[in-house]
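Colleague: Handing you this structure, nothing more for now.
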Amino acid sequence: MIPLTHSPEVADALSSGTPVVALESTIITHGMPYPQNIETARAVEAEVRAGGAVPATMAVLGGTLHAGLTEDELTQLAEATHVAKLSRADLAVHLTRGGTGATTVAATMIAANLAGIETFATGGIGGVHRRAEQTFDISADLQELSKTAVTVVAAGPKAILDLPKTLEVLETLGVPVIAYGQDELPAFWSRSSGIDAPLRMDSAAEIAAAHRMRAALGLPGGQLIANPIPEADEIPVDDLFPVILQALGEAEDQRIAAKAVTPFLLQRIFELTEGRSLTANIALVKNNARLAAEIAGELVRSR
Ligand code: PSU
């Protein structure tokens, strides 16, 4: 039996046809410092609710996969140190051992799919890291998008990554990368990346229809919706680029590898921008939560 539990609110929503949006927990435990992590987690849940949907934050607590956390559970996770960062490879082992862990984009997609949730909002997906030709560091998030039928709303791949290579891998894997409301692929903290997005859509209804069409065609996998950060909150690429390069250099010097790379870079960029990157990160996740709630509503209507 799968150790999966829905919070009462999420279970009610799913059975009554109320839209539900999955949210991840790695952004809380590894993506943001305390206390902004818990404040953001609450604010993102509030955005989902304001959009007429029910939030389902995913996490593994004591060997059970939770779809929807209580206020206490959310707080405990945000305050905990040394929480495991779970992806496709280690999810089953952690559940078997009764462990606790936060779900990445990949693990959240798996959890959402098991829980019967089709829409998921996050900040930015993982992707192909720079120098991947030497390190082979490619996030498991990309593979998951090709396997699991969840529509993921993100502000594009994080700008710390190699964006052209990330797009190439997504194309190889057959993942639709759909920019929302603009032609260009957004780059997380900035609306612009200098790269054309493979696809563009301008409404939540269209995105929901494309999700249904993939299922009708029998195509596995989800969709990546690249939703640009609101203009007022973005950090122009030129401001950020030197900071990203410095953080990348430090990661290399300190031989940061594997799962530690993304949290290290996000933390250093936060310090080097004196908090500006975090303010932008919070704004973009909330913006993604709003769009995801709309898409979830359209998916319910099109069932
Ligand atoms: N979005 C954010 N901050 C984050 C993440 C997403 O705004 O920290 C997390 C997600 O959980 C994503 C992970 O799956 O970063 C990517 O990690 P990696 O590059 O190690 O796959």
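Cβ coordinates are placed from backbone N, Cα and C, and glycine is handled just like the others.
Since the structure is predicted, the reported quantities are computational estimates derived from the model, not experimental observations.
So TrEMBL lists these for the protein:
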ACT_SITE  GLU24  active site, proton donor
ACT_SITE  LYS158  active site, nucleophile
BINDING   LYS85, VAL105, SER139, ALA140, ASP141  substrate binding site
BINDING   ASP137  Mn(2+) binding site
Colleague: Going by Cα-Cα distance, which of the recorded positions (GLU24, ASP137, LYS158) sits nearest to LYS85 (substrate binding site)?
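Modeller: So, of the listed recorded positions, the one sitting closest to LYS85 (substrate binding site) is GLU24.
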Colleague: Listed recorded positions: GLU24, LYS85, VAL105, SER139, ASP141. Which have a CB under 6 angstroms from an atom of ligand 1?
Modeller: GLU24, VAL105, SER139, ASP141
Colleague: Go through GLU24, ASP141, the listed recorded positions, and name the one with the sparsest Cβ surroundings, counting other Cβ atoms within 10 Å.
Modeller: ASP141
Colleague: Near SER139 (substrate binding site), which residues of its own chain have a C-beta under 8 A away, given they sit six or more steps off in sequence?
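Modeller: Long-range Cβ contacts: THR104, VAL105, ALA106, ILE125, GLY126, GLY127, VAL128, HIS129, THR262.
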Colleague: Pop the Cα-Cα gap between the residue listed as 'active site, nucleophile' and ASP141 (substrate binding site) into the table, whole Å please.
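Modeller: So the Cα of the residue listed as 'active site, nucleophile' lies 12 Å away from that of ASP141 (substrate binding site).
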Colleague: Could you tell me which of these recorded positions, LYS85, LYS158, has the greatest number of Cβ atoms within 10 Å of its own Cβ?
Modeller: LYS158
Colleague: For SER139 (substrate binding site), which DSSP three-state class applies?
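Modeller: The three-state answer is coil.
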Colleague: At the level of the C-alpha atoms, what whole-angstrom distance separates the residue listed as 'active site, proton donor' and ALA140 (substrate binding site)?
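Modeller: Between the Cα atoms of the residue listed as 'active site, proton donor' and ALA140 (substrate binding site), the distance comes to 15 Å.
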Colleague: For the substrate binding residues given in the record (LYS85, VAL105, SER139, ALA140, ASP141), what is the largest pairwise C-alpha separation in angstrom?
Modeller: 13
Colleague: Do you know offhand how many angstrom separate ALA140 (substrate binding site) and the residue listed as 'active site, nucleophile' by C-alpha?
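Modeller: Rounded to a whole number, the Cα-Cα distance is 14 Å.
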Colleague: With a 10 Å radius around each C-beta, find which of these binding-site residues (VAL105, ALA140) has the fewest other C-beta atoms nearby.
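Modeller: Relative to the other binding-site residues in VAL105, ALA140, ALA140 has the fewest Cβ atoms within 10 Å.
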